[in-house]
Each structure stands twice: as C-alpha cells, then as structure tokens.
Amino acid sequence: MLKNYFKIAIRSLVNQRGYFLINIAGLSVGITCCLLIFQYVAFEYSFDDFNENAPNLYRVNVTTVSSGDDPNTTPTFGWAMAPMMAQETPEVMRFARLHPEYDNAIVSNPTQPAKAFEEEGVYYADPAFLQMFSYPLISGDPSLALTEPETIILSESVAKKYFGSKDPMGQTLDVRGWISGKFRVSGIFRDIPVNSHLQFDILLPMADLLQKSQQYKDPISGWDWKNFITYVQLHPEINVAAVEQKFTDVILENKEADWRPTKTTANVNLQPVWDIHLNKDIAAPKATMGSYRTVYFFIIIGLITLLIALVNYINLATARALNRAREVGVRKAIGAGKKQLIIQFLCESVVTLLIATTLGISLAALLIPALSKVADTTITHPLWTGPHFWTVFPGIFLSATLLAGLYPAFVLSSFKPVAALKGKAGTFAAGARLRRGLVVFQFAVSIVMLVGTMIVHSQLNHMRNMDLGMNLEQILTVPSPRFLPDDTNKTDRIAPFLQELRQLPGVWQTATSGSVPGRDFSFTGTFRKAMDDPSANVSVSGGPIDTNFLSLYGIELVAGDLTEISYSIPEGATPPMLINETAALSLGFDKPADALGEKLTFGRVAGVLKDFNWSSGHQARGNIMFQLFQRNSQISIKVNTANLSQTITSIEEIYRQHFPSNPFQYAFVDEQFEQQYKNDQRFARLFAIFTTLAIFIACLGLFGLTVFSVRQRTKEIGIRKVMGASISNVVALLSGDYIKLVLIASAIATPIAWYVMNRWLEDFAYRIEIRWWIFALGATLSVGLALLTISFQSIKAALMNPVKSLRSE
C-alpha cells in the first residue's frame with residue numbers, strides 16, 4: 001500500500017514539473033545553506049573535544065578588582081600560583097603551566113646557522129602537560145620529554161623543516177628567545193589539530209625558563225610576573241565550585257599584603273577546556289579564538305534559511321490546491337478517505353524533501369573546501385560523516401516533512417467532493433491569507449538580513465578607515481636580533497645598522513620600540529602619582545620606545561619637548577616617560593601641561609601625547625605610557641614606495657651583514673593592523689553569502705507564486721486587454737499585491753533589524769550610527785528584487801494574445 005502511495009506521489013510530481021523544480025531548487029539551496037552553517041558551527045564547537053581528559057580539564061582564570069577599577073579577568077598569572085594550589089588542593093590530579101614565547105623565537109640548526117627561522121608557536125611547558133592533553137608523541141617518552149634540562153620537542157612539520165629526512169631525535173637546535181641556548185630534541189609530536197585552541201610547534205621545559213630567565217629567578221617574581229597560563233586536571237566528579245574557592249583562598253593568602261593598600265580582591269574561575277575557544281572575552285596570548293555570539297548568530301541564520309525554503313514549499317503547495325481540487329473530488333467520490341488523502345500528499349512531501357535533501361548534502365559536500373576558504377580555516381571532518389549527524393538528522397527530516405507537508409495535506413484533503421468536482425474550494429480564502437502572511441514573513445526576514453549585511457559592512461569600513469591618531473602607511477617592521485649565550489657578536493650593532501639603513505635612498509626614517517601598533521603592548525599594569533595612596537592606581541599599558549618613534553608614526557605631542565630628553569639616566573633613576581591624554585585625565589590632571597615633570601610610580605612625565613588608537617575599533621582608547629629606551633625588540637622603518645622591492649632587498653642585505661645568525665623577516669605595519677579585523681571580515685563574508693542565498697530562496701518562492709497567479713488569472717487578463725488595458729496596467733495588476741506585501745514586510749523588518757544590529761554593535765567601542773537611509777535602501781532593494789522577480793511572468797502574461805487567453809478557458 002505504501003509503495004503505491006509513493007508511485008502516485010512520484011507520478012503527480014512529474015506531471016507538475018515546473019512547480020516541482022522550483023520546490024526542489026528552493027529546498028536544496030536552503031538545506032545546503034543550513035548544512036554549511038551547521039558544519040561551521042559544529043567545527044567551532046569541536047575545539048579541544050579530542051582531548052581524552054577534556055571533561056576534567058580546566059584553565060585557571062583570575063578576576064581581580066581594585067578600588068575604583070572595573071573587574072579584570074585574565075588567564076595569565078604568576079608561576080608560583082599553580083604549585084601552591086596543587087599543594088593545598090587534593091582535588092587536583094595534575095597541573096601544567098604554559099608560558100608563550102611572546103616575541104616569537106629564532107631557531108636554527110647549528111649545522112646550518114645561516115638557515116634560521118622565526119617560530120611563532122613556541123611555549124615553555126611543565127612535564128604534566130603531555131599527560132593532561134592528547135597531543136601524542138610519535139617519538140620519545142611523554143613522561144620524560146619535558147623533564148630533562150635543555151631539551152626540546154617538535155611537531156612533525158617543524159622537525160622536517162630543520163632536519164629533512166634525517167632522524168631528529170638527539171639532534172641539537174639553537175634557540176634564541178625568552179631564554180637562549182642549545183637544546184637537544186627529545187620528542188616529536190603529531191601536528192596540532194586545527195580545532196585546538198592551543199597552536200604550537202615547539203615545546204621547551206618550564207624548569208629551564210624558571211632557572212635561566214632573569215625575570216623569574218627571584219622567588220618574589222612568582223606572584224608578580226603574570227605571564228603564565230595555568231591548566232589543571234581534577235579528579236572525576238569533583239565539586240568545581242569548592243575547588244574554585246580553595247584556589248581563591250590560596251591567591252588571597254599570598255597576595256593579601258601587596259593588595260591591602262589598593263583594596264584588591266580576587267576570584268578564581270575554572271574554565272572548561274572546551275569552553276575556551278568561543279569565549280573571546282577571556283583570551284590568552286596566541287590562543288585561537290572564536291565567539292559564542294557569532295556562532296549563535298549563524299545558528300539562527302541557518303534555521304531561518306531552512307524555514308524560508310519550507311515556507312516556499314507550503315506556499316506553492318497550498319497555491320496549487322485549487323488546481324488539484326477536481327483530483328481530490330474524484331478520489332473522494334471513488335471512496336478515498338481523508339486519512340488516505342493526507343498520507344498521499346505527505347508522501348509527495350517526503351519524496352520532494354528526500355530528493356532536495358540528497359541534493360543539499362551533495363552540494364554541501366562539494367562546497368566544504370569553499371567554506372573552509374571563506375571561513376579561513378580547514379574543515380577536515382564533514383558533519384555528515386559523524387555518528388551524531390545520523391542520530392539527529394532523521395528527527396530533523398521528519399520534523400521538516402511534517403512542518404512542510406501537514407498543512408497542505410490537510411487543506412487538500414478537506415475539500416468537499418461536490419465543490420471540488422466543480423473546481424471550487426470555499427474554504428481556500430484562509431489559505432490565501434496564510435500565503436500572504438508567509439510571503440510577508442519571508443521578506444521581513446530577508447530584509448532584516450539585508451539591512452544587517454549593510455550595517456556589518458558599514459561598521460567594518462568605519463573601523464578600517466577611522467582616524468587612528470597616527471599614520472601606519474609605508475612602515476615595515478623587523479624584529480631586533482637575538483643572540484645565543486656563547487655568541488661573540490653581542491656588541492650593540494643596532495645603532496650602526498640603523499645608521500646604515502638611513503643612508504639608503506628608499507629609507508626615510510627608523511625607530512625602535514617594544515611593540516608596534518596592532519600588536520599587544522609589551523607592558524600592562526597599574527600606575528599612579530608617586531605621592532598618591534595606592535588605592536588611586538589606574539590601569540595602564542605601554543612599553544619602551546625611542547625618540548624617533550613619535551615622528552615616524554605621526555603621533556602628536558601636545559605637551560613637552562623631546563629635544564630636551566636625554567638617554568643618559570643617572571644610576572638608580574627611571575627613564576623619562578610619555579603618557580597619553582586619557583592617562584593624564586585618569587591621573588587627575590586637568591590639562592596635559594599640568595602632568596609635565598610630575599613623578600609617577602614609573603618615573604617622571606616628560607611629555608603628553610594626543611590620544612591615538614593602538615588597537616582595533618573594538619577597544620576604546622585606554623591609558624598609555626611609553627618609556628624612552630634606545631634598545632628595543634622591534635625596529636620600524638619608514639620607506640618610500642617607489643622601487644619598494646629594491647629597498648627591501650637592500651634592507652635585507654644590510655640586516656644579514658650585521659646579524660648573520662638571525663633570519664630577516666619583515667611585515668608592513670598597516671597590513672598587520674588589518675589582521676585585527678580578520679574575524680570581523682570572515683563574519684561579514686559569511687553573513688553576506690547566506691543573506692544572498694536567503695533572498696534568492698525568497699525570490700524563487702515569489703516567482704513560483706507569480707507563475708501560479710498568472711495561470712489563475714489568464715481569463716481575467718484577456719478580458720482586461722480586450723477592454724483596453726495596457727501592458728503597464730496588467731503588470732501593475734499582477735505585481736501590485738506582492739509589492740504591498742513586500743512593503744508591509746519592510747515596515748515589520750525595520751524595528752527588528754534596528755534592535756538586532758544595535759545589540760551587535762555593542763561589541764564595538766567605535767561604532768557607526770544606524771541611519772534611516774539604511775532601512776530605506778533595504779526596502780528599496782527588496783521592492784526592486786520583488787519587481788524583477790515578478791516582472792518576467794507579468795510582462796509575458798501582458799504580452800499574450802487576449803484571444804488565446806480567453807480560448808484557454
């Protein structure tokens with residue numbers, strides 16, 4: 001019996017090829033969009049789930065609040081915290097600290113010293129790290145790999161880079177970084193999965209860092225140098241809240257004396273490892289971050305896109321009900337019951353959705369590489385290859401079938417036999433109202449997405465083109481050289497190098513600094529007036545610069561004179577410092593000039609800078625402090641863009657002459673600054689693509705309804721033309737009702753779009769104002785697209801010979 005239902009369903013669909021193809025096109029595109037979005041969402045949620053110990057792995061985040069300051073949550077703290085916590089808390093099975101190589105490391109094979117590379121993914125780690133996380137070694141013993149001093153473990157790809165096909169085990173590499181020296185290879189691990197929030201290629205022993213680094217040798221520094229990320233593995237079924245309280249008590253006991261003057265309190269939060277990637281508000285240095293808000297946004301878009309496609313099917317199915325009224329009448333006349341008719345029409349829905357789903361999955365599979373490219377990632381495991389998909393998918397398919405098929409089935413099966421045989425359906429007025437409502441829904445959602453896309457791109461353009469208060473163009477940056485402990489070339493070669501650079505015709509100016517715009521500051525802390533109470537501390541970020549830095553980047557000095565500043569600092573004195581206008585106000589100075597000569601906790605103020613944006617438009621201009629030093633970790637070079645390649649080649653030659661054991665690597669500062677908007681650009685691209693497809697699906701449904709409307713009104717059109725109606729009159733007649741619906745949709749969409757996008761813009765310190773013309777443009781574009789969709793069939797109907805139109809009836 002069921003087989004017969006499906007045979008009749010297929011025959012019926014073939015007889016209605018035009019509508020069937022429109023339905024298949026709309027549904028398959030909607031399903032493809034939905035699958036691609038959920039593939040992206042599933043990838044974002046998959047971060048760190050490969051770790052076998054993930055249910056019991058946590059990162060230790062510390063929130064501190066000082067008097068008068070906002071809470072500050074950070075995943076980095078001092079190196080002494082973790083051992084003390086483990087000692088005081090029996091619930092801790094293991095702990096591991098990570099210390100990033102903040103400025104990257106220079107690594108070379110001593111047999112080829114000139115072939116050196118700058119490595120970004122370098123961490124110092126405790127031995128337990130490899131037992132806690134599932135980063136398996138393919139060579140070496142994970143229980144010993146990080147316990148031996150002066151050893152190093154490498155990823156497969158990095159091992160091949162330095163040693164080729166040779167066995168790297170036991171070989172030596174020269175490393176210049178936070179600490180420098182020769183390190184013996186004691187392990188090789190598989191390349192880190194792309195869905196790991198930690199991305200690294202090199203691990204070095206934590207014990208070496210703590211013993212050799214000048215900053216960390218002093219035990220007091222264990223609570224003050226907050227550069228360490230701490231992970232803990234708890235025993236199963238432990239009360240996490242109780243452990244958090246114990247950790248908090250440990251910090252307060254050890255920092256109480258230091259924090260009492262500033263009335264600072266702390267609270268520890270244990271963040272599950274699988275929650276780290278999407279929680280961008282608490283980002284560790286060099287971690288791969290996503291966003292819960294973005295993921296939720298795309299889940300809604302995916303569901304809405306599928307819903308628009310299902311609405312198309314419902315609209316076209318109910319619209320065709322009048323055409324099938326006689327068929328229903330005949331079936332009822334020969335004994336078909338309502339239940340049989342419902343099953344029959346549901347079978348048509350099942351066949352249609354089954355074909356559309358098959359096409360959707362096939363299209364999604366083909367488009368996975370394109371999605372990876374647009375999302376700027378590598379998706380290696382398609383959603384439908386996992387067991388969870390086939391557990392959930394049948395339920396989703398059944399729900400979609402019932403949602404799309406039940407109403408049309410009930411409408412068709414409810415026709416009375418006599419009325420149906422006469423081609424009449426008195427109860428169909430309600431169906432017409434529903435169709436109009438669904439068209440309004442489709443276009444209201446599409447307009448919200450269209451307006452949202454325009455606002456996203458406007459905000460992105462606003463941030464990229466905003467006045468930063470400095471000039472980043474034509475500046476390339478090169479890291480300062482680093483040396484091994486036994487290098488003979490340790491004399492200060494920076495000054496002669498810079499002097500030689502300035503003699504090049506393509507080089508206009510040089511400067512040095514601890515960091516460059518777009519990167520993290522090299523220092524973050526608090527400061528105050530020297531005579532103020534510690535409770536007056538305000539947060540500040542900054543680092544060292546030389547006196548050329550301001551002019552090279554075009555940062556304006558509003559108070560002070562750099563020509564009067566000397567690098568000759570008396571013994572025991574601190575270097576002169578520069579603060580920005582925001583910092584001067586935060587410290588209580590009414591005017592920038594009032595701050596000059598004032599002694600702060602880090603030195604005397606030698607100048608006040610006009611406010612500028614060091615970071616992206618997501619962040620407001622905060623308190624900034626620069627100290628003046630001659631030797632710094634970054635070299636900035638202002639160049640002439642004429643003969644740029646020749647200038648860069650000349651710079652490289654001079655660099656290699658002065659620092660032969662260091663790799664020459666450069667980057668343009670403006671391009672690096674743009675990288676801060678990488679996630680925003682990815683979101684804008686994906687949003688624009690799926691908005692376009694949602695609008696396409698809505699227009700496809702409108703096209704199908706127009707075809708139906710023209711066929712239903714063929715006789716009316718013929719009579720109107722005989723009575724003198726022009727082509728424009730006929731087009732207006734056919735399109736008028738739909739244009740009204742689109743205008744109603746625009747009125748509904750406007751407040752929704754305004755609310756949603758205002759919420760989205762809250763994430764930006766420097767945001768656009770949502771202007772009225774954006775909504776007007778969205779409505780105009782929607783009406784234009786609707787007219788374009790309707791016009792083909794409308795004009796075709798208007799041009800039809802009225803005699804032929806009347807004869808068709």
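Every residue, even glycine, has its Cβ placed from backbone N, Cα and C.
Annotated features, as they stand in TrEMBL:
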TRANSMEM  20-43  transmembrane segment
DOMAIN    21-249  domain 'MacB-like periplasmic core'
TRANSMEM  295-316  transmembrane segment
DOMAIN    299-414  domain 'ABC3 transporter permease C-terminal'
TRANSMEM  341-368  transmembrane segment
TRANSMEM  388-415  transmembrane segment
TRANSMEM  436-456  transmembrane segment
TRANSMEM  686-710  transmembrane segment
DOMAIN    689-802  domain 'ABC3 transporter permease C-terminal'
TRANSMEM  731-757  transmembrane segment
TRANSMEM  772-792  transmembrane segment
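Take the transmembrane segment (686-710) and the stretches 436-456, 731-757, 772-792: counting Cβ pairs under 8 Å, 436-456 has the most. Mapped onto DSSP helix, strand and coil, the domain 'ABC3 transporter permease C-terminal' (689-802) counts 97 helix, 0 strand, 17 coil. The transmembrane segment (295-316) shares the most Cβ pairs under 8 Å with 436-456, out of the stretches 341-368, 436-456, 731-757, 772-792. The stretch with the most CB contacts under 8 Å to the transmembrane segment (731-757), chosen from 341-368, 436-456, 772-792, is 436-456. Away from its own ends, the transmembrane segment (772-792) comes close to residues 443, 446-447, 450-451, 454-455, 458, 695, 699, 702-703, 706, 731, 734-735, 738-739, 742-743, 745-746, 749-750, 753-754 of its chain (Cβ-Cβ under 8 Å, at least six residues beyond either end).
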